[in-house]
C-alpha cells in the first residue's frame, strides 16, 4: 500500500523526492514486518475525536501523533506554528510539524492479540487456504470459528495431522495421551499448519503424483494445488501471511469524520468497523492478562475474527454488520469494487474541470468545423486565458484586477474573449458516448442566448436531435491537447464512420427532401424542351419564372473529370437535365462528372456522391461540398412546401378485393382443419402465411397507386410519371418514413404480435386513415407496449455488451507494420437466395491480399500478394471475374502484442492503411456496440407489426446460368425428377464467367427439376417443396412394413368422416402409455434384394403409406408438421449477438459427427439412442448417446464426414472450433453477427468482428506438455505456446500439443495477463485475491492499466512515449552490460601484465 503511494508520487513532491520511474506493478501478500514498516504508530484506542474540542484523541483512530498534524505546519497543542519549525517533533504533544496532507498517506497499525485469517484467502473461491492445506472450507471454518480442534502435530499418537476433533474427543485424547500431541483451534492453528508446509517437498511430491493419477477429479485438484504452491514459491509469498498478526490502519483522511451542524458527525463506515476491531482486540488483551476462562477467551477471539472479516469484506461470511440505520456498512472491499468503487468511479472515469453543459439547438448557418458557444459559457470556460491576456496586454495590472473586470463584464473583456477563442478548438460530447464520434472538436463561434448550436450534419455521429438533448463542452488546455483536438478530433477530419468506412456526414431529413425535390423531373412542366447555353442562363430563367424547376431541358455543361492517369481534363457536353439539377451542379466541386448528379437525389445517391467526392478529391473539397449541399437542401426544402395531409394517404381501390380473396382462402383452410386434413399447427401456419402474403399484396397495390400518377404530356397523351405526393416523396427520398410505415397509414396494418412474440392470426385489416375499431386498437397496443418495455431494458443490455467488448479488446493496438504471416481468410461474395447480399468487392475492400490472386479462366496473376485493395482494384477484380480472394486477417496475425498493420488493412475512418498505434480493439468494440444500442432504442417504430415473410416453397432463379449443386445428395424418383436427401445442400447459379450469382438452401425432401450443370433460364424453377412439413423420403424401393406402430400405444389413427381416409399419427413420447415409452415406431422397407432399411419415425409424424404398400425410390412415407415461426425483432438480435460473443452453448444444439465414417445404431438405453460411427481410418469406434426426442438426420449405413450435422439445431461454436478449425469458426461468428445487424440494415465491417474473435481465441489448452515448461491441462496464451514450440523445435525436442480454446468475452477479459485490467472489469475480489497469492506482475501493456496508474496510454500519440521509454531502458541495460565487459577486460589485461612468465 505504502509502496504504491511512493510509486504514484508525481514529479513535484512536497518532500522533494524524485518521482519513481516504474515499468510494472507487482501485487503480493504483506508480511507483518512490512505492515509495521508502513506504519507510523500503533492505534490503541477506539476513540476518534474529542466531541468538545474537536481535536483528535491521542492513540485513537485520528491521532495526530501517528498520522500527522490536522493543520498545515502546526502541532496539536499549538506550541510550534509556521514553516520555520518544519520537521520538528513537539515534545509536549508528540506531533511532527509538517503539511496536513500527510494524513492522507501515513498509515497506522493494530497489533492483534490473536492471529486472524484474511477472509479473502479463506472465502474467495477456490479457497486458497483450503487448497494449500488440502482441507475443505467447511472444516477450516469450524477450526477458525472455534467449533473444533485440529491436530497440528500428532507426535506418536494414532491421530493424523489435519484431523478435526470436537471438544469431547479432544479432552478424551488429552487424558489418554497427555501432551504427546498438539491440537489447537482458531486462526493460530491454521497459521501453524500453514507455517509447517514445506513447499519444495510438496511440489516435488505432487509432480511425481500427477502422471500416475487416473481419476480426473484427483488430477484436477492436484494440478491446482501444484500451480498454487509453485506460485507461492516463485512469488516469495509465505503461506502463513494469509493469516494476519498485524492489521494496517488506513490513513484518517481517506476515512474522514466531518462535523455536521447541530453537533452531529458524518463518518465513513470504516471508522465504525475499525472501532469494533479495536474494542474487541483490547478486551481480548485484558481477558488474556486476567487469564480468563477458556470459553470466554475463545468467544472473544471468534468475535475478533468476525470483526476483522467485516472490516475487510462485510457480508462475505454470515450476516453483514449493519449501522444505526439498518444499512450494511461499507467495508474496504466494497470501496474498490462495483460501478461506484475506486476503479470504475475514480480511476477509469474522472470528472473534468474546464467543462460546461447546455441544451443544443440547430445551427444551420454554421460551417462543418464550427459550433455556436454561448458567450456566458465561453467567458467562464476560458477564464484563465482571459486573465492572462488582460495582464499581458496591460489592461489589468494583477490577476485580481483581471478577475474584477471579468466579473463586471466590461466591453474590453468581450474583445479579449473573441481573440482568445480564435483558433482554440473546444470538444463537444453527447452522452451516451457509444463510439469515438460521440466526442468531436469544433471551433467555437460566440453567440447570444444560452444554448449550444450544433451543425446539423454531425447529428448522425452524435445521434443527437433537438428535442431537448444536452451536450457537454470541454476545453483542451495544453498546446499538445489543442493540436490533437485539431488534427485528430476536428469534425472535418471525421467524415467516415469507423464502423464501415462509409461517410457519416450525410445529409438527412429536410436536406435530403430539398435536394430530392429539386432534382425530380416532371412531364410537361413550364419551359420543357428549352435549351440553355450554361447553368447561369438556367438560373436567370428560373429567377424570372420562364422555366419550372422540374422541367426537362437541355443545358451545355462544362465539367472537369479525372481520367485513368489521375490527370484532370476539361469537357463540354450537352445534357438532358432539369433546372433544379443545374442548381445542384453549381455547388459540386470540380473533378466530379455531371452524370453523378443527373439523377434523383435520394439519400443513397447523396451518400454515394459524398463518398466518391472524398475518394477522388480528398477531404477539403468534401467538407466544403457537404456544407454547400446542406445550405442548398434547407433552402429548397423550405421552398418546396412539402407537407402531410389526409388526402396524401391514398388507399388503393383494389384493397377490398384482395382482402376478400384472402378471407375466402382462410375459410377453406378452416374447413380442411375441421375435416382433419391439416393439423392445428399447420392451419395456424397457413393462415398466418396467407395474411402475410395479403399484406404484401395490399402494400404493393398501395405503393403502385401512390408512386405514379397519369399526366398529359406535350402531345396530349397520357404518360405515367412519379408522383409528387408529399408522403411518397418523403419516403422515396429516404428523408423520413418507410414503406412499412406508409403501409400502416394507407394500406392495412397487418399482423400483430402478442407480447410473447407469437403472431395473432387475425390481422388488422384497417389502416390509420380509415381508423381502427376498439378491438383492433387493443390488439395493436400489445406491440406498442412491448416496444417501450424493450427499449428500457435493451438500452442497459446493449451498454453492458459494449462494456464487455471494450474490455476484451482494449489492449489490441497496431504494433508493427507486417508480421509476415501467410495465413488469412478466403473471401467470397455473400449470397443468400437470389440476392448477392454483399458482393466480393465490398468484402475485400480495404484488405491486404495474403497470396497472389489469379484469374479463374487462365490462371494469370491479377494481384500480387501483399497489395492493399482499394476501390479501383476491387472494381478490377470484379471485371477479371475473380470469385474468391484470400486476404490477410487479424485472426491469422502473428504479432506478439497487438496486431500488425498488414493483417488489419485499411483504417476505415481514414481511408488509408492503418497507422501504428491505432487502437483497433476499442474501435472494433465501439463499432459493434454502438448500433446495438441504436437498434434496441428503435424497436417500437413499426408498432409491433409482425414483419413475417411468407414461407418459401420453391427455388426460382433470377438470372440465366448453370445449375451448381453444393454437397447435395439426391435419389432418382420413378417419375424422373431428383429428390434431395441431404440436409445442408445448396443450389448455386453461375453466370457465363463461372461466377456465382445466386445461392439457395435446399431443404431435405425437395424435388429437384434440373440436373447438376444444366442451363436454366431467368425465372426458371429449379426445385419445389412443401414449406410447412418435413418429409421422410425413401432412398431405396421395397415393401413397407410397420414396426412397433400400435394404435393407442405409439400412434393414433384418425378417420375422416367426409372422405373415409385414415391417417396414422405417431404420438409424442410424453403422450404415450407406459408400455409405449421405450418403443421406437418405424417403417421397415423390405428391399427387392432381400435387405431391410429402417426409417424411424419422429414424434408427431403423419404416416402417408399403408402397411404392406409397395414404395418407390424418393417416395414420401411420412411428414412431420413444422411448428410456427416467431417474429424476428432485434430483441432476438441483441441477446443473440451477446450469446455469440459469450460463446454460449445453445440449448439443444446441433450434434456434429466427431469423426468421418459409417453410421450405425447400437443398443438403446432408456430415453436415448446410441449412435455409432465406424471411422474410415480404422481408429477406435466413436459412440454417442442422443436423446430419443432429437430427430436424427442420418440413416443406418450412411457415410458422414467429420463436422457434418447429425441432428439439426443451432450450431455450437465450440464444436465448430474443435471439428472444423478457427477459420470456420470465424466465418460462423462473423456471418451470424452480420445476419442480426443486416436484418436491421446496419453495416459493420467484418474486420471488427474478427478482432473480437481473435481475443476470444487467445488461450489454448495444453494436451501434452512435451519438452516445454507447460503442464497438461494448463491454459496458456496461444502466441506464447507457438513461440515456445518454435524454440523447442529448434533444439530438436518435442513441442507441446494443444487445443485452441474458445472463451466468451467476459471470461476472456478476466483471463487477461493484466490484473489491474481484470480487477477493474468484474469480480474485483476474486481477481485481486488470485493476483496477490501468485504475486502477479502487471506489465502495463494495455490501455486500461495505464489509465489507472495515470499515464499516457500506449496507443495513438501516447505510443511514441512508451516506445521511447522502452528504447532508453534497453540502451541503459546494454550500456551496463558493456561496462561490465570492459571491466572484465581490464582485469584480464592487468592480470596478464602482472604475471611474470
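Using the three backbone atoms N, Cα and C, a Cβ is placed for every residue, glycine included.
Of all Cβ atoms in the protein chains displayed, 20 besides its own lie within 10 Å of the Cβ of residue 90 (Zn(2+) 1 binding site). Annotation comment: Swiss-Prot describes 75, 77, 90, 93 as Zn(2+) 1 binding site.
The Mg(2+) binding site annotation in Swiss-Prot covers 465, 467, 469. The local packing around residue 467 (Mg(2+) binding site), expressed as other Cβ atoms within 10 Å of its Cβ over all shown chains, amounts to 5.
Take the CB of residue 903 (Zn(2+) 2 binding site) and look out to 10 A: across all protein chains shown you find 31 other CB atoms. Annotation comment: Swiss-Prot describes 819, 893, 900, 903 as Zn(2+) 2 binding site.
Shown in sequence order, 893, 894, 895, 899, 900, 902, 903 are the residues of the chain, 6+ apart in sequence, with a C-beta less than 8 angstroms from the C-beta of residue 819 (Zn(2+) 2 binding site). If you count neighbouring Cβ atoms within 10 Å for each of the binding-site residues 75, 77, the highest count belongs to 75. DSSP assigns residue 819 (Zn(2+) 2 binding site) to coil, not to a helix or a strand. Following the DSSP three-state reduction, the secondary structure of residue 903 (Zn(2+) 2 binding site) is helix. Other C-beta atoms found within 10 angstroms of the C-beta of residue 900 (Zn(2+) 2 binding site) number 22, with every protein chain shown included. A count of other CB atoms within 10 A of each Cβ picks out 469 as the most crowded of the binding-site residues 465, 469. Take the mean position of the Cβ atoms of 75, 77, 90, 93, the recorded Zn(2+) 1 site; other residues of that chain with a Cβ within 8 Å of it are 64, 76, 78, 79, 80, 91, 92, 94, 95. You'll find the Cα of residue 90 (Zn(2+) 1 binding site) roughly 64 Å from the Cα of residue 465 (Mg(2+) binding site). DSSP assigns residue 93 (Zn(2+) 1 binding site) to coil, not to a helix or a strand. There are 27 other Cβ atoms within 10 Å of the Cβ belonging to residue 893 (Zn(2+) 2 binding site). Closest in space to residue 467 (Mg(2+) binding site), of the binding-site residues given as 75, 77, 93, is 75, taking the CA atom of each residue.
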